[in-house]
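Here TrEMBL flags 347-357 as compositional bias 'Low complexity'. Per TrEMBL, domain 'DH' is recorded for 9-193. Annotation source TrEMBL lists domain 'PH' at 222-321, 470-569. Here TrEMBL flags 382-440 as domain 'FYVE-type'. According to TrEMBL, the feature region 'Disordered' maps to 344-379.
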Amino acid sequence: VFQCTEPQKLFNIANELLHTEEAYVKRLHLLDQVFCTKLSEAGISSEVITGIFSNISSIYCFHGQFLLPELKTRITQEWSVNPRLGDILQKLAPFLKMYGEYVKNFDRAMDIVNTCMQRSSPFKDVVQNIQKQEVCGNLTLQHHMLEPVQRIPRYELLLKDYLKKLPDESPDRKDAEKSLELISTAANHSNAAIRKMEKMHKLLEVYERLGGEEDIVNPANELIKEGHIQKLSAKNGTAQDRYLFLFNSMVLYCVPKLRLIGQKFSVREKMDIAGLQVQEIAKQNVAHTFSITGKKRSLELQARTEEEKREWIQVIQATIEKHKQNSETFRAFNSSFSQEEEHLPDSSIASTSSVESVPGAEGGGAFGGSDSCRKSSKSKRDKEKQTCKSCSESFNSITKRRHHCKQCGAVICAKCSEFKPLADNNRHNRVCKECFLQLPASPCSPGVEAVGEQKKRLVSEKQSILAAENSVFSSYLQFLEKGKTWYKMWVTIPKTEPLVLYLQGSSQDRQSPRPVPLPGYEVSLPGAGEKFEVKHVFKLCQSHQTLYFSAEDEELQMKWMEILTKAAKGETEDTAEGLSNP
């Protein structure tokens, strides 16, 4: 029997990587240059297209113009003299950020596609026409959109296999191990998205089998069991063919439709799991029977075997129990949440601050004071408690929760508050930013210094990445993406990531620096029809995205254009030579 040598096994893995990369680039071309372009030509808004395809153009450019050509040259021309993969795959590292963005947007993208397929005829026509083409391989747009999510775990598997076969003393080991470490982190995020996608595909399948009658395609829904069942007629006891779909929150009781190809169903009854009961029943001359009773209706059902009956009863009962537990947990969370939100300020403050009632409670204030006082201040209190004192943004129960400053009693959001020890206790108390700046730190409280040090360290780490001395090039530029407002940004290309541009807002802006992977972008001056009030403008363009920058003078504008043009072509060597930061 022919045995592969270790070098041959390594070459086979490299070859598999090359062939899968070629197939992957074809899929990216289909997404970016076919689906994306055709939808754009059909007049679908750029917001919808960006919402669906996210940064697919950047991903396509990187793989098509940089990674694939490098792998091809190495594996088909240089392998005999330079059998390595780690050094090339390490170049993936800065671009894993692009995948992070794509994966993060994936759930939202699926929602938009599902909604548009149901509500927009032009969108549906374009997608269905492309799906009929041979290049689509009988797969849906959603299947192809999953490709970038699946690609990172594929690199991880190939690299693990490659490292197993790689000799310990190989010069490629260090690079390959570093690549695997970086890729594995990104793969974890992708795997979570894949699991969600598989769940969504099941729901989509059921949605189609129900003829689009029930809106079940929702990330909160989970299909638990489905199958044929007999329904016993209440009038004469005859058995009728029926079909059950059991979800985590409902049971769909369906009637099979007569069709030659592909079984379809019509929903006869939708029963909520909340309040549902399932039990075995004994009927004369009829075996394997049980009943499910909901708020509106009771059904007597018959399984084909005793085992099948037991399975249905157990699964439905387990689903009911799990739903009860989840509801109780949610109620407990809401209850503790309400208590924290409505926590009274200290008594020394209570006289000057407005005291709120529990949300949704009738009749205004729930604490002390005369009725007339409560009524006269109710409208003012209602208005005050709807918005944050500092940023004036409206509160909601999930993303913008309401808090009280423990010093002055003001109603604030989490973003506009800080934690500080007060004189009367050693805990960290939530206070508004004004009180945070005015209050002296309590010297006796434990851990205050440590928290301060941690804050300082995080800030300095963030600044050091963006600092001029650690960058290939950096300066302040005016930035415009949408609308007409220009923003002053600190723009830098770090030495550690010479193909990624970072945009950082003002010092008050707490947002993380925004990364822009440069390969595949086109750098140019504005077109004849583009007029701006500011001077020395240049732009970065890629597929459906354009970023505008304005420099202080022509020299800075030209320097940035030169550096960005090189980086956009994937050139990193000597980029920094002869350049000094202004």
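Just so you know, glycine gets a Cβ as well, placed from its N, Cα and C.
What you see is a predicted model, and the numbers here were worked out from it, not measured in a lab.
Note on the domain 'PH' (470-569): DSSP counts are 16 helix, 42 strand, 42 coil. Across the domain 'PH' (222-321), the prediction's mean pLDDT works out to 88.
Summarised by DSSP class, the composition of the domain 'PH' (222-321) is 16 helix, 50 strand, 34 coil.
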